[in-house]
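Chemist: I have a structure here, written as structure tokens, and I will follow up with some questions on it.
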Amino acid sequence: FISTVCNFMSHEKCLKNVKIPCSCIAPSLVRVPVAHCFGPPGHYKRKFCTVCRKSLESPAFRCEVCELHVHTDCILFACSDCRQCHQDGHLDHDTYHHHWREGNLSSSARCEFCKKTCGSSEVLSGMRCEWCGILAHAACYVIVTPECTFGRLRNMILPPNCVQLFSRNFSKLHCFRISENMQTESDEDDDVDGSTQGSTKDIQISTDSSKQTLKIFDGNDAVKRNQFRLISVPRIAKNEEVVEAALRAYYINDDQQEYELQTFTQQVLLSDDVINRNDAAEDSNLGSVFRESVPEAWIIRAKPNDEEVIRIYPAWLKVGMAYVSLRVNKDSTVQTVIKEVLPLLGRQMECLQNFKLVEVLMGSKQVQRMVLDNQELILNRLKDIRKTSIRQMNQTRFYIVENSKSIVQVNLFVGGLPPQLSPEEYTNILKEELAIKTNLVSVSHVYQAQGAVVLQISCFSEAERIYMLVKDTVVNDKPLNAVVIPAVTASKIPRNCCPLLVFVNPKSGGLKGRDLLYSFRKLLNPHQVFELTNGGPLPGFHTFSKVPSFRVLVCGGDGTVGWVLGALEEIRHKLVCSEPSVAILPLGTGNDLGRVLRWGAGYSGEDPYSILVSVDEADDVLMDRWTILLDAEEPAEGAENGIAEPEPPKIVQMNNYCGLGIDAELSLDFHHAREEEPGKFNSRFHNKGVYVKVGLQKISHTRNLHKDIKLQVDQHEVELPSIEGLIFINIPSWGSGADLWGSESDNRFEKPRIDDGLLEVVGVTGVVHMGQVQGGFRSGIRIAQGSYFRVTLLKPIPVQVDGEPWIQAPGQIIISAAGPKVHMLKKSKQKQKK
């Protein structure tokens, strides 16, 4: 047997065991309506559509937060059953149930209960909880206890009941800070759900002369947007058969007796009132639809009823999906409905004025709520919804809600402002540039060093206006950026829970960051995953500022890690957990720090779930950080009137190493090459090839670096041998994993460690020597070990710190230990138990 609505297939003998609900009743099974978060359409291999259960060949949509995949023309029929990742003031509760999603599992997936395989790459099969990841057959998942404990990662997940976000007007992409630049792939972004292009593919225009193809609209809304579904029916078909086929095309399983088809001709479209035109034509299209001049389009209409049964859902229920059925007639108003429902819910003692009836449309992209007026006639309301769209009627619910004083509070993080101003000056800039209304907007936090503020806004439309305006605002030639951030209620976080704050740099390391962002949003709460291209690390640290203990995972190259550690250093005093441990997922080219802490040489597509488990099991280690003060004595060129101003001293932080001379020069050339053609630098292999090429061009150059600089270690002058490059190393890995210091023991120096408060100083004699170190044949020339260094440059010399190169003018460079050591996470040695 095959379902004529959702294409579900079953043997005759298995029919009695089928537990899977059809797509047409999916809306009635939603516990808490939560809209999905669709990115741009893409190609997804070996995935199946949740609505029609067919495979996704053409471009399709997927939700960025849950495993929903859906065809372009099925998207309207998916309902809002995404995971609830935060509380938004509607239907909030603290107990979490499993959030089951069917299908799209790997074919090796095994059921938790009967231990047989439950996944398949041939059809949509098997169920998975999107919070704890437990897998089960459709027949087995029914016996699972409904409460979800978040599974193996429960100590890392930010519990959704601790997160609050009032997001009425913001799209889901804004709420989860998913960058819009992914959107460039789809040109016609507004019309992607126009079912006109897609729906023809289901039914080829029938060449069989005994069949005919009809366009079916489901109401005035579809007519306006010209969105229709095509059905194919026999040329000699009874009206009932056509009505039934039309309802199935719209995933509606009501009795076809309650519906009729109305024809409409092209000029009807021009008139505003589609209905009245057609009323006259109604009698003539009874009997058989067999006529020479078949009208090409029909509209499904519900026949008017004098009474109906409606379902009313109580919004205060913490569990379950209960509703009360109520018979309404043409005199029933919203008020009489509330009056009749309260006794059925055991609230008859309470005053009617404390309750309201809310109509909720559970669309896949948006949940729309509308409070109904007390005097409105319920049957008229139902008639209006059905006139607009019969599909929408299927996705509409009525909730009875207690009136409460709802507090609106949207938190907006605004960055890119000039640094080091007072709160008043920031408020004035915002008044000038964004015309903020001070009665609705207040500045709740100021980050002066970074030039950022957090606004608390008590009105949705004002929040949306500011958000949109910030994107086009420039202050002192710097564009501002705005991020919607959730409020985290720290007191609700369980004691043993140590949520993981994830930063991903989507630009580093062959663009693997995109897929990781998607995977981590799925495995954790999307509110704990931050894209560094969208406002940097600060919005993430601010969101977690009240969390009593958390850990950080940085996905990116060494430069990204340095950026996050630098931001952490600046904002540490404002965090309740001032020393979070940092783990690394190496995505860049060098990844020396990642190597030292055992996270590997570079991400090569390991399963993101096992990465999170490794982070959970990792060991805490300390690491030194160093401050480098660069003080150029010679003035910058181009000074006017010959009176030169010396450059102000520059301070940079260093985690891995600092190189002077040949090492920095190669880095600089690579940097220039990357800036000229960034598009080519998206694979590690190509990046390394460019390093080699740049190096070969430098082989014949000789430079006498030891004549151009002087070195002082812990107040003592050090004689330099004949070298071309001088390198200060903090960690035992340099230039993509080479051991520059070497492993042989030496009674002059201590064995290097990353937390010994000492830096090692090493010389290289040139490109060839560097190549031999990279190949592991030689090590560098050991020069010194110490905790305070002064380097005097006698002429301009290339310098690089952690892979960021520049030319430094003559002057002093002072390297000394920076503040407290940082807590890093080192991957623990034991293999994971399978």
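Backbone N, Cα and C atoms are what each Cβ position is placed from, and that goes for glycine too.
Caution: TrEMBL annotation is automatic and unverified by curators.
Since this is a predicted model, take the numbers as computed values, not measurements.
Pulled the feature table from TrEMBL, pasting it below:
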type	residues	note
DOMAIN	35-82	domain 'Phorbol-ester/DAG-type'
DOMAIN	97-148	domain 'Phorbol-ester/DAG-type'
REGION	185-207	region 'Disordered'
COMPBIAS	194-207	compositional bias 'Polar residues'
DOMAIN	306-405	domain 'Ras-associating'
DOMAIN	495-632	domain 'DAGKc'
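Help me picture where these features are in the structure shown.
Modeler: Restricting the average to the domain 'Phorbol-ester/DAG-type' (35-82) gives a pLDDT of 90.
Secondary structure of the domain 'DAGKc' (495-632) per DSSP (helix as H, G, I; strand as E, B; remaining residues coil): 52 helix, 32 strand, 54 coil.
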Chemist: Please count the residues of the domain 'Phorbol-ester/DAG-type' (35-82) that DSSP assigns to helix (H, G, I), strand (E, B) and coil.
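Modeler: Its residues fall into 6 helix, 13 strand, 29 coil.
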Chemist: For a three-state summary based on DSSP, what are the helix, strand and coil counts in the domain 'Phorbol-ester/DAG-type' (97-148)?
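Modeler: Output for the domain 'Phorbol-ester/DAG-type' (97-148) reads 3 helix, 12 strand, 37 coil.
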Chemist: List the helix, strand and coil residue totals of the domain 'Ras-associating' (306-405) as derived from DSSP.
Modeler: 30 helix, 37 strand, 33 coil
